[in-house]
Amino acid sequence: MLADLPILSLITFSPLLGILVLLFLPKHRSRWLKATAIIATILPLLLSLWLYADYDSTKGGKAYEETATWLDVSLNKEAVGEVGSYQFELQYHMGVDGLSMPLLLLTAVVGVMAALASVHVKKRWKSFYIWFLLLEIGMLGVFLARDVFLFFVFFEMTLIPMFFLIGIWGYMNRERAANKFLLYNGIGSAIMLIAFVILVATAGFRAEQVPEKQQTNLSYCGSYEVITTNLTKADSYVNMSTEQTQGQENPFYLSERMRWVIFLLLLIAFGIKLPIFPFHTWMLRVHTEAPPSVVMIHSGVLLKMGAYGLLRFGVFMFPAVAEDWKVAIAILGVVNILYGAVLAVVQKEFKLVLAYSSISHMGIVLLGIASLNEIGLHGAIIQLISHGLISALLFLIVGSIYERTGSTELKDLGGLARSMPFISGILLTAGMASLGLPGLSGFIGEFLSLLGLFDSQQAVTCVAVLGVILTAVYVLRSILGITFGAMPEKLAAVRDARLIEAVPMITLLAFIVLIGVYPAVLTEPMKHGFDTLLQQLSEKAGR
Amino acid sequence: MLSSYLTMAAILFCIGLYGALVKRNAVIILLSIELMLNAVNLNLVAFSKYGVVPSLTGQMFTLFSIAVAAAEAAVGIAVLIALFRARGTVNVDEYDEMRR
Amino acid sequence: MDTSFSQVAWLIPLFPFVAFLLLLAFGRGQRTLGVLLGSISSFAGLVLSILVLIEHMSDGTKYYQYSFKWLDFDGLTMNAGYEVTNLTALMLVVVTLVSFLVNVYSAGYMKGDERISVFYSYVALFSFSMLGLVLADNMLTLYIFWELVGVCSFLLVGFWFSKPEAKAAAKKAFIVTRIGDAGLLLGILLLYWYMPDHALDFVHIGNVFDGQTGIIAASVTTWIAILIFVGAVGKSGQFPLHVWLPDAMEGPTPISALIHAATMVAAGVYLVARTFDIFQASQTAMDVVAYIGGFTAIFAATIGVAQNDIKRILAYSTVSQLGYMMMALGLGSMTGGIFHLFTHAFFKALLFLGAGSVIHAVHTQNIQEMGGLSAKMKITTWTFGIGTLALSGIPPFSGFWSKDMILNTALHEKPVLFAVGVAAAFFTAFYMSRLFFLVFMGKPKGEQHAHESPASMTIPLIILAVLAAASGFIQTPWNNTLGTWLTDGAEKEHGGAGIVMVISAAVGLLGLYLGWLVFVKGTIARDAISSRAPWLVRLLERKYYMDEIYEALLVRPLRGLGYLLNAIDEYIVDGLVQLVSGTAVWFGRGGTRVQNGQIQTYGVVTVLGLIVLLVALVGRRFW
């Protein structure tokens with residue numbers, strides 16, 4: 001029954017309802033505005049939970065797919081001779097599979113939690129929530145879009161709201177941070193667009209025979225399925241070199257080197273988002289300057305878009321190239337892990353510690369991707385979800401601590417376990433989850449990623465395990481610095497969490513524990529998600 | 001023979017160009033422009049006498065150009081006086097209305 | 001009987017877990033709930049464990065294993081489950097017994113602490129994790145609980161979180177054991193990929209490695225064994241990762257007894273015993289275990305001689321005794337290792353609880369400030385004395401039998417280690433007599449109002465004292481009950497134990513006598529050594545400068561690297577980006593400066609452009 005509804009579009013655009021209501025609310029009624037926004041984020045959560053319950057991993061997500069023609073541009077027919085039609089198609093194509101299902105849920109959950117955490121916002125609630133909901137639409141769309149251009153549109157849709165959310169509601173240097181964010185991500189998007197355009201112009205080309213009319217329809221399209229099939233099928237024209245076409249020029253042929261270039265472009269584009277080592281500085285600014293609820297979204301979901309894009313467009317489309325590059329990716333991952341961890345050890349600001357820890361944890365995702373086997377890929381996705389939840393929780397706590405103490409400098413904080421035992425307890429648990437304590441979600445992702453990678457790259461894995469130790473060092477240093485030890489005089493009067501703060505904290509922690517204790521909640525929908533990829537990889541290995 | 005005229009004209013033109021670009025006083029700039037025009041006139045006359053096809057057309061153009069230059073100088077000075085009344089200066093550095 | 005007790009062994013860890021959850025939910029502000037729940041749950045666990053042990057001793061249902069698919073997708077199946085072997089049954093009783101006694105003891109010791117219910121919830125969580133570790137039927141499940149006990153230890157060490165020392169000790173405990181855990185993790189990864197069918201459960205591991213059928217290459221076997229041992233080194237405080245254990249004494253004393261003497265630190269020994277087949281398949285690994293163990297035994301024992309903190313002396317003693325256990329395992333005597341673990345759990349828990357009782361009375365931990373307590377604290381003195389004798393290896397107390405067995409094995413396998421073991425035994429006896437005589441004999445110093453602890457504290461002491469005195473008789477040179485039972489008769493007792501018994505008893509007595517001479521009789525001056533070789537005393541007092549070495553070799557370089565990378569990150573990585581954007585901005589600025597609204601400037605630019613154009617056009621001709 002669910003398949004009859006356009007459920008994916010409903011999920012994606014349900015926050016629009018909230019925006020509509022918000023538009024008609026007076027801008028000083030902060031309570032109403034907040035309530036509306038929270039309800040508007042609960043809508044997609046409920047719908048995606050419904051979808052999760054309905055989703056059957058053995059059948060895949062075909063039943064839920066939605067396709068509609070969005071924009072057709074006719075091209076000059078004379079140029080190609082006798083054809084029925086010759087056009088450039090942009091499709092509205094939404095789909096879900098084992099890869100996007102967990103991330104969709106993550107987005108919906110973190111969305112609600114961040115909306116709840118936005119109670120600390122002090123000004124201009126109306127525009128804040130409108131941007132916030134727009135951002136959520138963009139994020140949901142990114143994970144559901146199945147057309148490269150649609151993906152691009154949603155991807156960009158997250159940039160602009162983020163820019164304003166950082167630039168208006170952030171801390172001291174918010175404008176600079178917002179500029180840096182936009183600049184970096186703009187460059188990333190531009191590179192991504194170049195890669196997409198190349199893909200559409202070559203692998204996106206298709207010729208459809210229409211037997212009843214005795215003619216052929218030619219079109220360029222950005223459909224993910226068309227591009228992937230063309231790229232990976234051995235006898236498709238994209239794989240025909242000039243020798244194979246008897247000397248005839250084949251404008252659609254993608255040579256080995258061209259594929260490398262596209263893969264590299266995608267790696268850079270999504271590497272900026274992820275972020276991969278030399279491209280990470282923008283993200284530090286965002287982590288320190290954006291308001292905590294926005295960082296929850298940013299660190300919790302937006303970074304994951306990078307890994308998702310890398311997997312979906314990089315690895316899934318070019319498994320052979322990924323296979324060639326896997327050592328490089330693994331090394332990048334290890335560099336991320338160690339670099340982030342070592343830097344996190346010496347930071348003086350808690351938000352910076354968390355920012356560098358995000359870099360370190362995203363390195364684990366890269367390891368999982370580089371393993372290119374079932375175990376590691378599962379590990380990478382679980383690590384994404386887990387880090388999303390954990391960092392959302394940590395920044396939620398950062399927001400609450402900042403509200404009370406007015407500082408996130410480690411030297412100003414200490415001994416908070418005495419005055420706020422609840423928040424400190426949650427913080428400690430979140431830290432434990434972050435350093436990969438079994439029983440909490442962080443362990444599963446980390447363990448599976450390392451286990452998967454160990455199969456083919458033992459030396460790299462051994463180095464990566466050093467990160468496990470360093471993670472413990474920086475997590476304990478910072479979190480014990482905040483919760484343990486002597487308490488500065490002026491913090492004696494701070495109060496423990498209010499109900500509105502406690503609810504999202506407990507909810508997020510519950511998810512973290514759930515995944516840690518019973519990982520099947522995530523692995524179940526992910527089953528068969530990597531089948532085609534692994535099949536191609538094994539074919540390549542066989543060849 | 002022609003080359004000496006042309007060299008002379010070129011020198012004259014360069015002096016005029018230099019003055020027009022470098023001098024701050026608007027009156028001197030106008031004078032420099034006159035110099036450049038005269039350099040052109042000199043060329044015209046020289047070509048009308050020693051050119052490949054000598055004819056009087058060049059000299060006619062010279063007269064024409066002198067007349068136009070005179071008119072231009074008159075208008076230029078008039079504008080300058082108006083500006084001087086408005087701004088109290090003939091220093092072109094301060095005439096930066098284009099930027100505002 | 002349809003269902004055996006072993007089948008419901010999963011209930012044993014469940015009791016404390018339920019107690020933990022209840023305390024988490026309702027514990028706030030409660031004072032007695034923790035004591036009640038903690039004691040009841042651990043008692044229930046104890047009863048069930050004893051039933052399981054009896055069942056296993058009476059040859060009926062010897063073995064039970066159950067597992068379910070925990071993590072399962074194409075390409076990976078990870079099971080979680082429990083199994084009850086004779087070894088686990090024995091460990092279950094040790095853990096639940098000590099845990100129960102500590103729960104009861106803490107009711108007195110922690111009385112008055114405002115966070116007592118938090119304390120009990122942590123203890124309950126620890127008991128759950130430790131029992132889970134004991135019951136685990138495969139490496140992954142074991143690893144999970146292995147980490148959980150680590151975190152509980154961390155929480156309890158840092159229980160008095162306001163104290164900076166407690167904070168530092170908790171951090172150190174966690175990070176140092178984490179180094180070991182990283183090794184164990186790698187070991188598990190190796191094991192997973194090299195085991196046939198990726199099986200991680202102990203039954204398969206045993207089968208694969210047992211006959212050494214060559215399924216797994218010898219070098220890989222050695223690596224797996226050594227990596228697992230690295231985990232054990234971290235947890236069991238073996239050299240060089242022992243540094244956390246003495247610092248962990250910042251935690252409440254009952255915790256030191258439970259976690260850092262009897263159960264968790266023994267988990268490393270237990271782990272090696274659990275995976276003993278892997279070790280036996282690699283002689284190199286066995287040697288490593290034996291020599292590290294032996295070295296730790298003597299190394300820590302010598303440090304113990306020069307310490308003044310009552311708990312630290314006991315902590316170094318623990319490290320040293322754990323070294324004995326490892327040495328036994330490395331020499332191929334699993335029985336010896338487990339036997340010593342068993343007796344050590346009782347007498348060391350006894351000593352720690354006794355120390356707790358002393359600290360409770362005099363409010364200091366420095367033995368130089370104590371004295372003459374025997375008059376005021378009769379029960380504590382007697383029980384502590386029994387513990388001292390057991391630890392010093394005086395017959396017929398339990399420590400004698402287990403130590404004797406290890407030394408006997410060493411004499412047959414590696415005489416060098418026998419010598420090391422005897423020397424360590426001498427030092428052990430010496431520092432214990434020093435401790436005992438300084439605290440309980442002589443004239444009272446400092447606190448004058450010391451009094452005997454309440455019954456909730458003394459009763460556990462008495463029970464443990466009985467066990468410390470008598471538990472050694474389950475395995476004597478004439479009677480290989482434990483060995484047969486544990487290893488199915490695979491391990492035989494070495495003959496010719498007479499000489500070893502004499503030597504070990506003599507050495508123990510000698511150590512005690514020397515201590516008596518120095519600290520009671522005064523025949524030998526106390527500063528006999530410190531006046532002649534002050535550097536030696538200093539070296540021992542500073543624990544061979546291990547902390548300083550770590551500081552210099554690991555902590556500082558790491559921090560330095562951090563600052564270096566931070567600068568690079570800020571100025572080079574980010575600087576490059578700034579440079580790129582800066583260049584664009586600089587070009588823009590230059591552009592605006594030209595647009596100044598002055599015709600003359602425009603004119604200059606135009607002329608320059610013209611010249612460039614001309615030069616280009618003309619120059620092309622001569623190209």
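Glycine residues also receive a Cβ, built from the backbone N, Cα and C atoms like all the rest.
Feature list (source: TrEMBL):
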DOMAIN    C:70-120  domain 'NADH-Ubiquinone oxidoreductase (complex I) chain 5 N-terminal'
DOMAIN    C:136-428  domain 'NADH:quinone oxidoreductase/Mrp antiporter transmembrane'
TRANSMEM  C:6-26  transmembrane segment
TRANSMEM  C:33-54  transmembrane segment
TRANSMEM  C:118-136  transmembrane segment
TRANSMEM  C:215-234  transmembrane segment
TRANSMEM  C:255-276  transmembrane segment
TRANSMEM  C:288-306  transmembrane segment
TRANSMEM  C:313-332  transmembrane segment
TRANSMEM  C:338-359  transmembrane segment
TRANSMEM  C:379-397  transmembrane segment
TRANSMEM  C:417-440  transmembrane segment
TRANSMEM  C:498-520  transmembrane segment
TRANSMEM  C:599-619  transmembrane segment
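Across the range of the domain 'NADH-Ubiquinone oxidoreductase (complex I) chain 5 N-terminal' (C:70-120), the DSSP-based residue counts are 29 helix, 13 strand, 9 coil. Recorded stretches compared: C:255-276, C:288-306, C:379-397, C:599-619; the one with the most Cβ pairs under 8 Å to the transmembrane segment (C:118-136) is C:255-276. The transmembrane segment (C:33-54) makes no contact with the transmembrane segment (C:215-234), as judged by fewer than three Cβ pairs under 8 Å among residues 6 or more apart in sequence. Within its own chain, the transmembrane segment (C:313-332) is flanked in space by residues 232, 236-239, 242, 245-246, 248-249, 256, 260-261, 265-266, 268-269, 272-273, 276, 279-280, 286-301, 303-304, 307, 338, 340-341, 344, 348, 351-352, 355, 367, 391, 403, 405-406, 409-410, 413-414, 417, 420-421, 424, 427-428, 431-432, 435, 491, which lie at least six positions past its ends and keep a Cβ under 8 Å from the stretch. Counting Cβ pairs closer than 8 Å to the transmembrane segment (C:255-276), the top stretch among C:6-26, C:215-234, C:338-359, C:417-440 is C:338-359. Under 8 Å from some Cβ of the transmembrane segment (C:417-440) lie the Cβ atoms of residues 290-291, 294-295, 297-298, 301-302, 304-305, 307, 310, 313-314, 316-317, 320-321, 323-324, 327, 331, 358, 367-368, 370-374, 377, 381, 384-385, 388, 391-394, 403, 406-407, 410-411, 503-504, 507-516, 518-520, all in the same chain and six or more residues away from its ends.
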